[in-house]
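Following: one structure in structure tokens, then a few remarks.
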Amino acid sequence: RPQHLSGLEIIRDLCEGKLEGGEIGSTEITFTPGKIKGGTHIADTKTAGSVCLLMQVAMPCVLFAASPSELHLKGGTNAEMAPQIDYTVMVFKPIVEKFNFTFNCDIKKRGYYPQGGGEVVVQMSPVKELSPINLTERGTVTKIYGRAFVAGALPIKLAKDMSAAAVRCIRKEIRDLYINIQPVREPDGQAFGTGSGIIIVAETSTGCLLAGSSLGKRGKNSDKVGIEAAEILLRNLKHGGTVDDSLQDQLIIFMALAKGMSRVKSGPITLHTQTAIHFAEQLTKAKFTVTKSEEEDPSKDTYIIECQGMGMINPNL
């Protein structure tokens, strides 16, 4: 699909590699990497293909580049079947930075299905090596916050409805916490097209972040969008893991590259995570084990993902 091809092309450009069979609908490609240089690169899906997926593809590479990178990623910022950019900034970023690197993510313009048209600029410096992480203590939920947004032709009332419905839904399960879900209308200059959605984050006493999100679409009642996000959040809180379903698979490649033993407690292992582990083990010397977490009460479906990372060293630094 367009975002997969854009992802391959940005990697090719980052390392002056060779890509054969790089076209939409291709079933086989041959990729020959060169040296990862860094620098400024543009990737454009020309659709609502997710900029977050482009970021996921590029990030492990630019960490081991010779110099800092600036990536201009164009496409959908809030798209179906992919993390929303708000999730990337609010959940993925603070957790993945525990591997001992930092990045800056500047949302220049938001873009929605079907046209896309969004742009995000990611700035990142290379590192010598990644540290392992240990995310096994959930702690207790200390706050719940989020944003319900509309853009383009949609009235702010829809954002307020999403927010109110989400709060009502969470209140049934969690009564004693203040829930702050801000309704916002994206400024016209900073959004392309019409879109709406919501993201809700729960923060815990040990610094874990778990989320639920949902996107509005034509004919979908805004209350339903809010409730959907709230239910996903509650489901993620129920399993007792330290990461939600969306973050689980995104951490695998960093665990594989890091030096030392990483441990993450999660809910049921998703197919995305199983696939990521399979390929990480094929492509590196990292070794993963997944075991049912015993200390939980047995009714909880909780697992420990362990990885002895390969200890990738940046040859350029």
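Placed from the backbone N, Cα and C atoms, the Cβ positions cover glycine too.
Nobody curates TrEMBL annotations by hand; they come from automatic prediction.
Here TrEMBL flags 1-290 as domain 'RNA 3'-terminal phosphate cyclase'.
Applying an 8 A CB threshold to same-chain residues 6+ apart, the list for Gln56 (ATP binding site) reads Gln250. According to TrEMBL, the feature ATP binding site maps to Gln56.
For the domain 'RNA 3'-terminal phosphate cyclase insert' (136-237), the model's pLDDT averages out at 97. Residues annotated as domain 'RNA 3'-terminal phosphate cyclase insert' in TrEMBL: 136-237.
Per TrEMBL, active site, tele-AMP-histidine intermediate is recorded for His272. Summarising the environment of His272 (active site, tele-AMP-histidine intermediate), the number of other Cβ atoms within 10 Å of its Cβ, over all protein chains shown, is 14.
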